[in-house]
Amino acid sequence: MESSSLQRQLANLKKSLFDQGNLDEQFYQLEELQDDASPNFVEEVVTLFFRDSSRLVANIEQAIEKCPRDYGSLDALVHQLKDSASSIGAAKMMKDCTVFREYCEKRNSEGCLRSFQKVKKEHSTLRLKLENYFQLLRQVGPAEKATRSGK
């Protein structure tokens, strides 16, 4: 596939991540930190996010299955996940975590379970989308750094 077509595809994919609410301005800020000395900075940060957040999701799953449920511990884990998500600009995941925390505060078991399913789904969806984005970015090359196409 020719370079301009790949660049167009990359720009459209990135735009969709923002248009669908998966990412926010923080992702652009990460991109602006990337330079020649660390050309894969954003991908490395996102990779670390998914490594750490996958562990947190697993810990939340264990905590949510405990009876009686410890809503304080569960809330603390969800708070950590929300903070991690904010570091890469994972906007939809942050919103889902906020709702989850509200259910924890209300000690609403059903709400917590539903919210957790949303958080897990968004985590998985975002991972897939960003893996595709970085794969395409590697094909296009470093020239696509920190461009705000369609924004």
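Even glycines carry a Cβ here, placed using N, Cα and C.
Source: prediction; values computed, not measured.
Taken from TrEMBL, the feature domain 'HPt' applies to 38-140. Taken together, the residues in the domain 'HPt' (38-140) have a mean pLDDT of 96 on the 0 to 100 scale.
Summarising the annotation, TrEMBL assigns phosphohistidine to H79. Taking the Cβ of H79 (phosphohistidine) as reference, residues of its chain lying under 8 Å away and at least six apart in sequence are, in sequence order, C97, R101.
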